[in-house]
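**Q** The structure is given below, and queries will be raised subsequently.
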Amino acid sequence: MSMSFSGGTHNDRWGSDLASAGEFTQSFPSLPATYSPSPSSSSSSGEELLEVTIEFPSGVIINIDSVTGTGTDISGTDLEITSCSDSGSGSRSLSLGWSASSERLTAGTNSKQQIQKISRRGYGYSSRSAPEPVVPHRGEITDSVNLPRALSQRPTRPNRDGSGTERAIHGLKFISSKENGIVDWNDVQNNFAHLSKDGYLFKSDFAHCIGLENENSKEFADELFDALCRRRRIMVDKINLQELYEFWYQITDESFDSRLQIFFNMVKNGDGRITENEVKEIIILSASANNLSRLRERAEEYAALIMEELAPDGLYSQYIELKDLEILLLEKDISHSYSLPFSQTSRALSQNLKDRRWRMSRNLLYSLQDNWKRIWVLTLWFVIMAWLFMWKCYQYKHKDAFHVMGYCLVMAKGAAETLKFNMALILLPVCRNTITYLRSTALSHSVPFDDCINFHKTISVAIISAMLLHATSHLACDFPRILASTDTDYKRYLVKYFGVTRPTYFGLVNTPVGITGIIMVAFMLIAFTLASRRCRRNLTKLPKPFDKLTGYNAFWYSHHLLLTVYVLLVIHGVSLYLEHKWYRKTVWMYLAVPVLLYVGERIFRFFRSRLYTVEICKVVIYPGNVVVLRMSKPTSFDYKSGQYVFVQCPSVSKFEWHPFSITSSPGDDYLSIHIRQRGDWTEGIKKAFSVVCHAPEAGKSGLLRADVPNQRSFPELLIDGPYGAPAQDHWKYDVVLLVGLGIGATPFVSILRDLLNNIIKQQEQAECISGSCSNSNISSDHSFSCLNSEAASRIPQTQRKTLNTKNAYFYWVTREQGSFDWFKEIMNEIADSDRKGVIEMHNYLTSVYEEGDTRSNLLTMIQTLNHAKNGVDIFSGTKVRTHFGRPKWKKVLSKISTKHRNARIGVFYCGVPSLGKELSTLCHEFNQTGITRFDFHKEQF
């Protein structure tokens with residue numbers, strides 16, 4: 001069908017739902033207000049006229065040649081057939097007129113509804129000259145009664161020219177491909193110089209100029225040329241160098257929204273409609289641009305969802321208006337943002353204007369408030385080391401050997417004293433059972449147990465420094481001075497230490513003191529180097545076969561060299577040259593208690609791990625190489641949410657123990673852990689348990705499961721723990737912010753499960769107290785009679801388990817869509833059971849461009865439609881909405897700070913160090929500028 005409008009003083013653009021085929025054109029020439037109607041019009045003087053020509057596929061033409069009224073909206077007028085005329089070929093054309101005073105015709109009701117639809121849609125198509133009326137050759141309307149039938153007799157599948165949209169889809173694939181053959185701009189410039197005539201490049205040479213040589217590509221290049229011209233509203237067959245650069249810049253723009261814009265410009269040369277298969281192709285391309293393999297697999301389902309939404313009336317379920325899709329995909333969303341309240345903003349601005357000295361003192365004060373635990377511990381440590389160093393320096397400065405060896409001897413002995421102290425102290429932070437116990441005491445309020453591993457690393461730096469100073473002072477200064485001393489000085493000051501015969505340099509080294517010292521230096525340097533972050537995390541890539549010298553295994557086994565170091569240290573300490581009295585050989589005094597404590601812990605852990613017998617109940621291997629092990633809970637195994645255990649699998653390694661966060665709740669009757677493959681040991685775990693798993697379920701690519709009963713036996717598993725972690729202190733805060741990156745979410749899953757169990761228990765107790773519970777008691781640790789509300793009110797308060805945490809905000813940031821499967825169960829449980837909104841969950845998928853970016857608009861639309869229809873997020877497969885990109889952490893903290901004024905909020909983080917530093921800095925800034933306080937805690941492994 002084609003429609004042609006002509007009239008005066010009407011500048012509206014109309015869109016048509018009547019059009020089923022052909023093209024739709026409009027023309028509104030600029031005419032004066034005294035426009036005279038055509039002779040054929042039947043309107044009176046002063047009326048505005050509008051002529052509408054509608055051509056149906058059957059050949060029928062309807063002329064609407066009179067409109068009464070000056071309003072631009074025709075939807076409120078009445079429809080009346082004013083004339084009918086036969087064409088020369090025997091077909092009949094109808095002339096319809098709208099008149100405010102005309103009599104409403106029943107036969108025209110359906111037509112009026114369709115015309116009203118045109119007015120409501122209001123789409124703007126490119127303005128072109130109206131074609132000459134086509135004389136129909138078949139089909140005619142004999143009277144007005146047949147008009148509704150004629151309007152409704154449209155083909156179920158329009159006779160459209162599909163090549164336009166299909167070529168545009170092909171073009172979208174083409175420019176999205178990295179192997180599209182488009183050359184560099186310098187080559188394009190050179191091609192322009194050879195192909196241009198008088199500074200212009202003709203359309204016929206455009207394909208060759210941008211490097212498209214074959215015939216199919218040339219046809220596409222011509223379509224592309226026309227589309228780019230239409231976008232710039234120019235209709236030319238040649239372009240200059242500047243225009244060519246603009247064309248080339250858009251073609252090579254890798255952003256998906258730029259490619260979509262080209263697609264829509266190419267498709268507009270067709271019929272303005274797009275099919276379900278074509279929508280599917282766009283979804284596939286959008287999913288590829290955002291690295292979403294699962295979305296590609298369900299592209300057909302989501303394409304049908306879009307078709308259903310954009311064509312709700314069902315008239316053309318296999319087509320939608322292209323304009324709808326274009327507006328949807330290329331229109332930027334207004335993203336919600338959180339800003340600081342005006343009072344906080346004003347306060348921050350005023351503070352910047354104050355004296356710099358005052359601000360520095362204020363920052364120092366806030367730093368002391370945030371880090372006072374660390375500060376007093378480190379201060380005490382430095383004071384002790386300084387006192388030991390000076391005490392030993394003073395002691396040896398009054399020895400006879402000082403007259404020969406001088407301050408080299410003093411420096412060596414001072415360093416040795418701090419070395420002995422630190423070799424004893426470094427064992428305490430790794431006595432995990434002791435630290436776990438101390439966390440539950442009053443010491444946790446003044447000692448930063450969260451920083452045990454960091455303190456352990458800091459002490460190691462002090463040990464290496466003291467060791468190098470001690471060894472260098474002896475080997476490079478003291479020994480040469482002994483050899484260079486005069487016979488008189490030697491006999492007077494040194495003979496009582498080294499004997500009558502002056503030793504040689506080799507003789508000084510080739511003694512128990514020298515040999516043990518050199519071996520200790522070598523072993524400690526090896527252990528220290530392989531324990532560094534770059535080696536332990538395998539960030540330093542070495543060529544084969546030296547690649548085995550880095551990684552966790554190298555760190556783990558090299559640390560066992562330190563057992564030998566402690567033995568050698570005792571031998572070294574009792575074989576001193578300058579001390580012969582046993583009570584002055586103090587190395588054993590420093591080491592006695594810490595070594596006994598550490599050895600006792602190791603023995604205790606060995607036997608306890610054998611007593612904790614666990615049976616594997618369920619194994620699930622998720623995409624992304626994550627193994628979930630659910631095992632029976634030992635009877636005496638008591639733990640807190642947020643803690644972790646060490647795991648050993650003898651079939652993989654009989655010596656290696658690895659820490660993993662517990663992901664089950666203390667109230668559950670089982671233990672569960674999540675293990676992600678990152679090294680040799682975790683790879684061995686995956687292989688060992690993959691053997692007993694079933695094949696993947698339909699629709700769950702890569703998912704392996706194994707449940708009891710199972711024909712094959714599971715590999716043996718040993719556990720040791722539980723051990724304390726920063727996350728276990730969440731109960732101290734009324735409001736907590738939990739932030740996990742990837743597998744770093746595992747410490748917080750146990751917390752979420754624990755909170756959920758408490759929420760459910762609290763709801764059950766509330767129902768019982770209100771009289772809605774019909775049971776006589778609740779079978780739990782906090783059971784009580786529930787016969788009526790009065791009886792419930794008599795229950796002691798100590799027997800009621802209250803929920804300390806009032807609000808929990810969980811932010812999970814992951815790169816892979818399949819990661820959401822790991823904790824799908826708990827997320828759905830929270831969404832179903834948390835009626836009061838205690839837990840607020842936010843999932844972020846970083847492989848998708850952030851919200852508001854046109855490259856993710858299509859995905860946002862599909863996500864919204866599917867959630868509205870099915871209540872499920874298309875990315876996570878849960879009821880929790882997935883956000884795109886990365887959270888704006890400053891806005892997140894600002895939102896929480898505004899919502900919970902004067903509160904003390906615990907921020908718990910597990911992930912890469914870079915984000916941990918950012919969150920720590922933001923917490924420090926908010927503590928300075930706001931009235932809400934954030935306490936930052938980072939998981940250390």
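Here the Cβ of each residue, glycine as well, is placed from N, Cα and C on the backbone.
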**Q** I'm curious whether Tyr583 and Ser914 share a membrane side according to Swiss-Prot, where sharing means carrying the same topological domain name.
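**A** In Swiss-Prot, Tyr583 shares its side of the membrane with Ser914.
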**Q** Considering only the recorded stretches 375-395, 408-428, 515-535, 558-578, state which has the highest number of Cβ pairs under 8 Å to the transmembrane segment (587-604).
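**A** Looking only at 375-395, 408-428, 515-535, 558-578, the most contacts with the transmembrane segment (587-604) come from 408-428.
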**Q** How about the transmembrane segment (515-535) with the transmembrane segment (408-428) - do they touch, taking at least 3 C-beta pairs under 8 Å (6 or more apart in sequence) as contact?
**A** no
**Q** For the transmembrane segment (408-428), find every same-chain residue at least 6 residues outside the stretch whose CB is under 8 Å from a CB in it, and list them.
**A** 381, 384-385, 388-393, 395-397, 399, 401-402, 434, 456, 459-460, 462-463, 466-467, 469-470, 473-474, 477-478, 481, 566, 569, 573, 586-587, 590-591, 593-595, 597-598
**Q** Among all the protein chains here, how many other CB atoms are within 10 A of the CB of Glu278 (Ca(2+) binding site)?
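**A** Around the Cβ of Glu278 (Ca(2+) binding site), 23 other Cβ atoms lie within 10 Å.
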**Q** For a three-state summary based on DSSP, what are the helix, strand and coil counts in the region 'EF-hand-like 1' (196-204)?
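**A** Breakdown, helix to coil: 2 helix, 4 strand, 3 coil.
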**Q** Express the predicted model's confidence over the topological domain 'Cytoplasmic' (753-941) as a mean pLDDT, rounded to an integer.
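**A** Computed over the topological domain 'Cytoplasmic' (753-941), the mean pLDDT is 75 on the 0 to 100 scale.
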**Q** By DSSP, how many residues in the topological domain 'Extracellular' (605-731) are helix, how many strand, and how many coil?
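**A** Tallied per class, the topological domain 'Extracellular' (605-731) gives 24 helix, 42 strand, 61 coil.
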